[in-house]
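Undergrad: Structure incoming, see below.
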Amino acid sequence: MANEGAGSLQQDASPGSSARPEPYPRPSPARYASTPSFESPQRHHRRNPIARRPVKETLNARSEYTLSQDDGTADDRINQYVIKQEIGRGSFGAVHVAVDQYGNEYAVKEFSKARLRKRAKSQLLRQSRGPKRSSRWPKLPFSSPGTGTWRRRDEKCSLFYQRRNCHYEEVTPQQSSILDRGTGRPDPRFSYMVMEMCKKGVVMKVTLEERADPYDDERCRCWFRDLILGIEYLHAQGIVHRDIKPDNCLITNDDVLKVVDFGVSEMFVLNSDMFTAKSAGSPAFLPPELCVVKHGDVSGKAADIWSMGVTLYCLRYGKLPFEEHSIIELYDAIKNRPIVCDGETDEVFKDLMLRILEKDPAKRIQMDELREHPWVTKNGMDPLLPKSENTAEIVDLPTEEEMFSAITKNFGHVLAVMKAAKKFKSLQGPTRASTPIQSILGQEYETHFVEPPTQMDPEESVSLPSPLPYKKTQSLNTYNRRAWERDDVVKGYHPQRRKLSLVLRQRAANRVLRTALF
């Protein structure tokens, strides 16, 4: 009977069978980006175009405290956003949940400008004196030659670049606006960045003192593929993140991993080696080449790949690969201790970890090899989208006007100071009277001046038209003056005005520098 049933099924499936055909073809199985599963989401195979959202910048935003309609408590409101509870805190400020007038939730990141200026000054004092590197940024006045990284313009340029250029699925884009709030002074105390809200928070909370529950193999692979695509895109833009860790990987409501926090990132010339001499980031995620004193220039790309490997280790095992409570012991373990995968039975994953966490940066796996590794692609059965498609959208450089807007906050103040400096400079020039110029001897000369005698009697005086009568005697008296002072008097220079002009010009130049740099 079983054979007869099988034969009937085969007969029904034959081309000549009289079975009724299906009126519509069956739909192909759909892939969803909401749940990591054995089948990778569509974003790993095809890049959906992301529309560029215009970023609104508001200077001197309106701030007020209002009574909540729910419980009567006071709410802090900035423009249309009501600031709610704090969800995180960093070195420059806190991150709060904000709700707009339509009930949409956003993440508002607060930046203390005082801390930004303090850090910019400290970086200026520690500025390296190594060989100069070409800079990708347009040259701006009041700044020293570039070294390929952000020096004096680090803080505001980094905020400016993030809010203008991060339009990518695995990199958190700026969602709404930039707000400056102060106390009515020209220089506000805080800046706020309104960004997309990743409601599921950080991918994992793991520290030297805290462990977490590890994720299964499929979730680790899915989110690590997101991380590969995001960091590959940043490297194509000439950006090295330098602080990749689980705390800086957020999960959206539809389970997309997004890279955040570019506070210590560096930007280089496109298609360069991206070598840096700075040490930045979390100690437990630093590569071995940065755990030594006077390490010199190291590859920023290789450092990011090491941090990606440590992040993957945390996701898979719920702990850090090197756990030491002393910084010196931690650095020694990172440099010398081999990586241990406790209880790992997957030899392919173990091979991946050994290649990512290679002590020698020259032998460490590179991004092109990493995206093709058998564990990442399931032995070639689930490849990532091509690199050319992932990095197709290279962002244009910001214009000088946009850079000035990001650095000076309001360039009108700089223009006003420059106009004032130009006016002070004009005061140094000789003041010509409307009537023919007379020498101190009383004779009229239209084309040249006459050198005064070496000595003159104090009683001698000449009446000349002057806009400042009370300065007349002092201006025209050449008695007991040095030779160059007598020349200035004859040519129309006022000694006190000359000195005052120099002082005012120097003060104006200092104000221009302070406004442009800090």
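Start at 1 and count along the chain as shown; that gives each residue its number.
Just so it is clear, glycine is given a Cβ too, placed from its N, Cα and C backbone atoms.
It should be emphasised that the depicted structure is a prediction, and the values quoted were computed from it without experimental measurement.
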Undergrad: According to Swiss-Prot, which of these ranges is region 'Disordered': 173-192, 453-472?
TA: 453-472
Undergrad: Which range, 82-106, 232-256, 407-431, 482-506, does Swiss-Prot list as region 'Calmodulin-binding'?
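TA: Per Swiss-Prot, the stretch marked region 'Calmodulin-binding' is 407-431.
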Undergrad: Which of these ranges is annotated region 'Autoinhibitory domain' in Swiss-Prot: 158-163, 314-319, 404-409?
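TA: Per Swiss-Prot, the stretch marked region 'Autoinhibitory domain' is 404-409.
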Undergrad: By the count of other Cβ atoms within 10 Å, pick out the sparsest of the binding-site residues ILE87, VAL95.
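TA: ILE87, out of the binding-site residues ILE87, VAL95, has the fewest neighbouring Cβ atoms within 10 Å.
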Undergrad: Cβ distance under 8 Å to GLY93 (ATP binding site), same chain, sequence separation 6 or more: which residues?
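TA: Correct list: LYS109, GLU110, PHE111, SER112, ARG115, PHE190.
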Undergrad: Show which residues of the chain containing ASP243 (active site, proton acceptor), separated from it by at least 6 in sequence, have their CB under 8 Å from its CB.
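TA: Long-range Cβ contacts: ASP261, GLY263, VAL264, SER265, ALA280, GLY281, SER282, PHE285, SER307.
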Undergrad: Who sits close to ARG89 (ATP binding site): which same-chain residues at least 6 apart have their Cβ under 8 Å from its Cβ?
TA: VAL95
